[in-house]
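J.: For reference, the structure I am asking about is given below.
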Amino acid sequence: MTTTEQRLTVESRNGIDYKVADLSLAEFGRKEIRLAEHEMPGLMALRREYAEVAPLKGARISGSLHMTVQTAVLIETLVSLGAEVRWASCNIFSTQDHAAAAVVVGPHGTPEEPKGTPVFAWKGETLEEYWWAAEQMLTWPGEPANMILDDGGDATMLVLRGAQFEKAGVVPPAEDDDSAEYKVFLNLLRERFETDKTKWTKIAESVKGVTEETTTGVLRLYQFEAAGELPFPAINVNDSVTKSKFDNKYGTRHSLIDGINRGTDVLIGGKKVLICGYGDVGKGCAESLAGQGARVQVTEIDPINALQALMDGFDVVTVEQAIGSADIVITSTGNKDIITLDHMKAMKDKAILGNIGHFDNEIDMAALERSGATRINIKPQVDEWTFDDGHSIVLLSEGRLLNLGNATGHPSFVMSNSFSNQVIAQIELWTKNDEYDNAVYRLAKHLDEKVARIHVEALGGTLTKLTKEQAEYINVDVEGPYKPEHYRY
């Protein structure tokens, strides 16, 4: 038995595998799930539409996505459409423990006799625990997983790199400059290779497709495709308009300030704020903080995004120009080493630093941890790091997603958009698999519009209907789609 297995074991009750913080939290979680269902009209509409069809029957979906109340509604939607599901979180801090417990127990079970879905997630996992949970999510009794639902690409990477190393006959040793997380990742694969030399290959051969939620994970998929390493089709859910223009912007606009407020309780009005990146997420960040009265500056590499920021009223600067005067610094780029150790040393005393991109490498956490700076934990996911000159910075969620680490993430309504796309994408790949090559695709425009229509109606909006003559004049169908693929919303 390996070191990891000695400390971490799968629990099982009433035939349900799980590893969560506390099953007794299930009643609290179920109450919040019921409220969330009311705010997630897209998912509830899909349940009604496909209730008699069960289009996902036979699908064994391994899901790696933040284990929140909203995700619980997604999981139970997949199950209601016929799928079997196993789940883990895609972030060590993002799990809401009452939601995880409620999913395991299920709507008709009890903590003593759960009747729900296997979940392996709890808030505050170590890196070793995180990757152990990811493996459990992908480890099915009997036949392997045949679908992946991913957020950030960790589940996909675990399967593909595991299969790649099995083919090579060896898991490579970690390099000195590899991140702590990558070392844990390699160690898990090495331990598993010692006991099962074909595990990941079998899973890779079984999987029919993957649907990916985030910008970071989509980038990984395109890299796998370009290298000829993608063994199954993938749908890029992130770039569905009803995901990227809503979750990324409006969700962030809500949850960023929630995380900052819960983590620090500082007044945002009047503060100097630096937002690194002005994509959809960065736009939501800037808008939310400016709305609180902050004085916002933006960094950008792309002149188009930079021009948008200027036209929206924000100065465009470099990190080096603004880091010394900023009271709050937020990274939202999807890239690495945006805030380096030198940048952190140059920040004001007690300045706040946080990330709302997917991974913790936007802020060079490895360099900070090696620097000799002392760390004092103020409260969960809030740390004060003091440098040798005596000044300190306040770091949120250890450089990981502060909106999920310090708060509860995006609200239910906006996640209904994103998760409706996930469900539709899973149905698409599962039921029409032979129509897709091993490449990365986007959902069709009419499906994007379908998701939007449901939510317009839920908010009480009334859509104008084209006449036949008007539709012919602009060369579209009366029922849509109304825009070409190249249209920029």
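Glycine too: its Cβ is placed from the backbone N, Cα and C atoms.
Here's the feature list from Swiss-Prot:
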- Thr68, Asp151, Glu213, Lys243, Asp247: substrate binding site (BINDING)
- 214-216, Asn248, 277-282, Glu300, Asn335, 356-358, Asn403: NAD(+) binding site (BINDING)
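What does the local environment look like for each feature on the list?
T.: Its Cβ taken as reference, Glu213 (substrate binding site) is surrounded by 28 other Cβ atoms within 10 Å in the chains shown.
Non-local contacts of Thr216 (NAD(+) binding site) by the CB criterion (under 8 A, 6+ apart in sequence, same chain) comprise Gly152, Gly153, Gly334, Gly357, His358, Phe359.
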J.: Here are some binding-site residues: Lys243, His358. Which one has the most Cβ atoms within 10 Å of its Cβ?
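T.: Of the binding-site residues Lys243, His358, the most buried by Cβ count within 10 Å is Lys243.
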J.: In Å, rounded, how far does the Cα of Lys243 (substrate binding site) sit from the Cα of Gly277 (NAD(+) binding site)?
T.: 18
J.: In terms of DSSP three-state secondary structure, what is the assignment for Glu213 (substrate binding site)?
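T.: DSSP assigns Glu213 (substrate binding site) to coil.
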J.: Inside 10 Å of the Cβ of Asp151 (substrate binding site), count up the other Cβ atoms and send me the figure.
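T.: Step by step: centre on the Cβ of Asp151 (substrate binding site), count other Cβ atoms within 10 Å, giving 26.
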J.: Determine, from DSSP, whether Asp247 (substrate binding site) sits in helix, strand or coil.
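T.: Helix, per DSSP.
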